[in-house]
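Okay, here's the structure, questions in a sec.
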Amino acid sequence: MAIISTVSLARTFRTKSGTVQAVRGIDLTVREGEIVGLLGPNGAGKTTTLRMLTTLLAPTGGAATVAGHDLVKDPASVRRACGYVAQSGGVDPQLTVREELVTQGRMYRLGRARAAERARELAHELDLTDLLDRPCAALSGGRRRRLDIAMALLHEPRLLFLDEPTTGLDPAGRTALWDLVRRLRDDHGTTVVLTTHYLDEADALCDRLVVVDGGTVVAEGTPAALKLRYAGSADASLQDAFLALTGRSAAPADPAPVAV
Amino acid sequence: MLLHDTALIYGRCLRQSLRSRFALLFGLLMPMLYLLFFGPLLTGLPLGGRGSSWQVLVPGLLLQLGLFGASFAGFAIIIEKGHGVVDRMRVTPVSRLALLLGRVLRDATVFVFQAVLLVLAAVAMGLRAPLAGVLIGFVFVALLTVSLAALSYALAMRMGTPQGFGPAINALTMPSMLLSGLMLPMTLGPAWLDALSHLMPLRYLVDAVRDAYVGAYATGHMLLGSLVATGFALLAVTVGTRVFRTAGA
């Protein structure tokens, strides 16, 4: 059962120097309960794709169904079903952890009592209980990231998008975050789509990888299948497969789109 | 749902404002200085209108407070955008109009509160005006701050950087202040300047509040001022909502 399916999803930006095709046409299918990694060089169109799938950015071409709803015709239903954590997170450093969680729950239309209960549940589950009444600015990098994710989980979404969730975390923080993502899928059946530049992360965490380059999907499959196919051996590193695919050792044939 | 969402965003924004006493009062600095050091210069001058010089100056200072305060409201959203707060809210089902209304209503609350303090200080300096007129003045401050804050948020969402936003707002607010007769009635000036100032929407609000402060409520100035203030607020909120709905890159 596909929870995401897109056909030639595209986004063009108009700039002073002409039009930039950030995403040329993405065909993507994600099945319910999968952990899918989007890989690709900087500027490949990963973030733009996530911003389209989460209704932040209207596509300029193609079509998509997300969690059973048409992305363009029914964005409100898509929003109710999804959670999204941007690269920059998104909490006010001055406000307390509890206040941000409860307000976010209320924006997802939970009642006052239910929002407060969910804030406590998530704080417990993500090991933030002792910090509930501290300002968000007081949190360390790893805890901040767990709070960012908690903010996307208040309404128990079926589908979670994470944009570079472990960038800037220390090894222990990354491992804790991987465990969290696996637990979300195993305990709650949440489908997770994440972007990453860490190939070891993609290898260890994701069921399936989608490699994006120049605004289109250039390869997809399990980590093992990609290694076998593009680096010649299942024992090769994902790095070799990635470089073979995106050909970054030689000059690119056409200018890479600007990341937006 | 719009009411629920607006109340939610309003509450969050108001708590943010209450956290900073400094920000809550800082907007008062400039009009308060004018009141203390410019107001006394006018008491003996023939300003042409009915009533005392305070009944001419204080309405101008109230709208100056709204003009300079609300026009810069957009800075807050540039910072929130940088923290990712705006996008984090835009991925929830929360009403796009509420994201704007909650903010501009917070601004209206803060600036009306400051306006009350300014009027109290003016009374201490010698202002005497009918209560109904003073209350009408607060309504105009509220309408002006709603309009300007909505446009300021819209511009800030589009521009995205404080480096571009600050100078743009300065370039817009200074002529607005000079051409609307905030400090002194434009009728004192030459005919060409008076005519030019009628192109500035703020002029009509100033004239209306000056009438209110001398107890003249059923006047052409009041009618025109009310229409311009209401129309401007509706237009500004419409523009702002469009930007909040479509803001992508």
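Cβ atoms are placed via backbone N, Cα and C, with glycine included.
The shown structure was predicted, so the numbers you read here are calculated from the model rather than taken from an experiment.
Checked TrEMBL, it gives:
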{"type": "TRANSMEM", "residues": "B:22-42", "note": "transmembrane segment"}
{"type": "DOMAIN", "residues": "B:22-247", "note": "domain 'ABC transmembrane type-2'"}
{"type": "TRANSMEM", "residues": "B:54-79", "note": "transmembrane segment"}
{"type": "TRANSMEM", "residues": "B:100-125", "note": "transmembrane segment"}
{"type": "TRANSMEM", "residues": "B:131-156", "note": "transmembrane segment"}
{"type": "TRANSMEM", "residues": "B:168-193", "note": "transmembrane segment"}
{"type": "TRANSMEM", "residues": "B:213-237", "note": "transmembrane segment"}
Using a Cβ cut-off under 8 Å, which residues of the same chain at least 6 positions beyond either end of the transmembrane segment (B:22-42) come close to it?
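Here the qualifying positions are 53-54, 56-58, 61-62, 64-65, 68-69, 110-111, 113-114, 117-118, 121-122, 125, 183-184.
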State the residues, same chain only, that lie 6 or more residues beyond the ends of the transmembrane segment (B:131-156) and have a CB under 8 A from a CB inside it; answer 'none' if no residue qualifies.
58-59, 62-63, 65-67, 69-75, 77-78, 81, 100, 103-105, 107-108, 111-112, 115-116, 119, 165, 168-169, 202, 205, 208-209, 212-215, 217, 225, 229-230, 232-233, 235-237, 239-240, 242-244
Looking only at residues six or more beyond either end of the transmembrane segment (B:168-193), which have a C-beta under 8 A from one in the stretch?
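Distant contacts of the transmembrane segment (B:168-193): 34, 38, 42, 47-49, 56-57, 60-61, 63-64, 67-68, 71-72, 74, 152, 155, 159, 199-200, 202-203, 205-207, 210.
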For the transmembrane segment (B:213-237), could you work out the same-chain residues 6 or more beyond its ends whose Cβ comes under 8 Å from its Cβ atoms?
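Distant contacts of the transmembrane segment (B:213-237): 49-51, 55-56, 58-59, 97, 100-101, 104, 129-130, 132-134, 136-137, 140, 143-144, 146-148, 150-151, 154, 201, 204-207.
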